[in-house]
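Please read the structure below before turning to the comments.
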Amino acid sequence: MLNKMTLHPQQIMIGPRFNRALFDPLLVVLLALQLLVVAGLVRAQTCPSVCSCSNQFSKVICVRKNLREVPDGISTNTRLLNLHENQIQIIKVNSFKHLRHLEILQLSRNHIRTIEIGAFNGLANLNTLELFDNRLTTIPNGAFVYLSKLKELWLRNNPIESIPSYAFNRIPSLRRLDLGELKRLSYISEGAFEGLSNLRYLNLAMCNLREIPNLTPLIKLDELDLSGNHLSAIRPGSFQGLMHLQKLWMIQSQIQVIERNAFDNLQSLVEINLAHNNLTLLPHDLFTPLHHLERIHLHHNPWNCNCDILWLSWWIKDMAPSNTACCARCNTPPNLKGRYIGELDQNYFTCYAPVIVEPPADLNVTEGMAAELKCRASTSLTSVSWITPNGTVMTHGAYKVRIAVLSDGTLNFTNVTVQDTGMYTCMVSNSVGNTTASATLNVTAATTTPFSYFSTVTVETMEPSQDEARTTDNNVGPTPVVDWETTNVTTSLTPQSTRSTEKTFTIPVTDINSGIPGIDEVMKTTKIIIGCFVAITLMAAVMLVIFYKMRKQHHRQNHHAPTRTVEIINVDDEITGDTPMESHLPMPAIEHEHLNHYNSYKSPFNHTTTVNTINSIHSSVHEPLLIRMNSKDNVQETQI
């Protein structure tokens, strides 16, 4: 029994046999993976030695550490990285590639001159990028690629000299853009802000601007700061497209004049700050189109308090009746200096209604043409409106498809219709009252009758007598009186004398009323005729070329085959023993590999030899025939 129960050592291991050669590499791979995981966890939970970290390494502060480059060892969980006030000069490519959770990157107040393309790769969640107070001279547009969630960009106080077109089109998600204190800025392209359709805040303060740049692409802009510039005048159209703008700051911008209708595009404006400028007067009803305006700052301006400022006093009283001392004080005249504008009334002044120096004139036009009715007052501080024939009052900025009031008060028609016919009244207003002037617009329907290309002009001339001719040699000739009609046009020359000889000339001329369409029709007909002539000429040239080639080919065929009478002779019938072979033709060359070239027959030889030879040739060359020419010219051999 014991012998049966004794187990051999080889039988102790049950199952598959252990293979150490396979186990060792697998163990190495597992250990490597564990090390990588541990290293990743360690890196995710580490903090650079020169920085301070908080909130489970999500906030890394490296301020004023004299860093010359981005430090290593920043946690991948970092959401805010502050590198403020260091010595960094270059942001190299992939400097933040592993910080995929980073939302705020603060690089302000360094010495950054260059930002390489791809420097911000991997920052797909970046929300705010601060680059103010550095040494950038250009907008690093190429570095903004892939910042699809960037909302705020701060470039304040950099020596940037120009802003080219599409400078920010790589970051259409941008909401706030700070370009303030670009003191070396000398040029802003017309398309500089293209692509920023989602921008809500723009700072262009202290940028040495002498005029307002094109802001039309910023259709959602809410706040605009233009303070500290050199904007001597604000003109109509400066804020075109900014229908959603709510806050406008132009503090200390050296503004001297704000022209009529300058703010008409700002329909949503709530607050405007014009403090610390050089304003003395404002155009009548400047703020009237701003129905949502609630706060206005006009202090620290040298206001000249006269009749033209009364409307502003009344407007302030209506806007803030409980606080008329809120806004501005008079600087001149001396008797009103220091008095608040909101406290003035008409008793302080002797005022008059406005004067229209260029009233509109009656106008006759044809349907479809453009037209203008001008109306100019003695001063640009008045407001101008128009009353249409149906009683509608039109002001600058009022939406009409074909009719608009321009900034100078002109009523402009881009395409008149017959329905536009009627009387239009220009109304010029100031604080005292209104002055009106009217004009009639007469629109004639376009004629649809067929036009004649030519009409007859009858010219009647009267020759003066010799005495009168001598007295009028040194004088200017009589002024012709021209009367044009639709069908018959007559030009009359009226002399100074009644004694004359009348001569009548009939001259065909182009009808004035139908001249333009007649010329068009003639040009069309001329083009058609020229086109047909060119086509016929080309076809004739092609036919001549074809005819020439066919004739040349036919001539060659006739040259190689001259017309002659030939007689085909059967060799078996004509060749006899008595006939010498001198007059026989030589045999043609037989182009077969097994035959040699046949030479001319030699004479004389017997008939038997000749017959045998010919029979042998018949069997080889399929019975050739000899051609005998009737003439004594050279003979050709032909194989048939």
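Including glycine, each Cβ sits where the backbone N, Cα and C put it.
Database features, via Swiss-Prot:
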- 45-76: domain 'LRRNT' (DOMAIN)
- 77-98: repeat 'LRR 1' (REPEAT)
- 101-122: repeat 'LRR 2' (REPEAT)
- 125-146: repeat 'LRR 3' (REPEAT)
- 149-170: repeat 'LRR 4' (REPEAT)
- 173-195: repeat 'LRR 5' (REPEAT)
- 198-219: repeat 'LRR 6' (REPEAT)
- 220-241: repeat 'LRR 7' (REPEAT)
- 244-265: repeat 'LRR 8' (REPEAT)
- 268-289: repeat 'LRR 9' (REPEAT)
- 354-442: domain 'Ig-like C2-type' (DOMAIN)
- Cys375-Cys426: disulfide bond (DISULFID)
- 463-483: region 'Disordered' (REGION)
- 528-548: transmembrane segment (TRANSMEM)
- Ser631: phosphoserine (MOD_RES)
| message | Just to be sure I understand the packing, how many Cβ atoms besides its own are within 10 Å of the Cβ of Cys426 (disulfide bond)? | response | 26
| field | Spatial neighbours, same chain, of Cys375 (disulfide bond) - Cβ under 8 Å, 6+ residues apart | value | Ile356, Glu358, Pro359, Pro360, Val384, Trp386, Gly409, Thr410, Leu411, Cys426, Val428, Ala437
| Where DSSP helix means H, G or I and strand means E or B, what are the helix, strand and coil counts for the repeat 'LRR 1' (77-98)? | 0 helix, 5 strand, 17 coil
| query | Could you count the residues of the repeat 'LRR 5' (173-195) that DSSP puts in helix, in strand and in coil? | reply | 0 helix, 5 strand, 18 coil
| message | Which residues of the chain, 6 or more past the ends of the repeat 'LRR 3' (125-146), have a CB below 8 A from one of its CBs? | response | 91, 100-113, 115-119, 152-164, 166-171, 178
| task | Kindly assign Cys426 (disulfide bond) to one of the three DSSP-derived states: helix, strand or coil. | result | strand
| said: Can you give me the average pLDDT across the domain 'LRRNT' (45-76), rounded to a whole number? | reply: 91
| query | Under DSSP, the repeat 'LRR 8' (244-265) has how many residues in helix, strand and coil? | reply | 0 helix, 5 strand, 17 coil
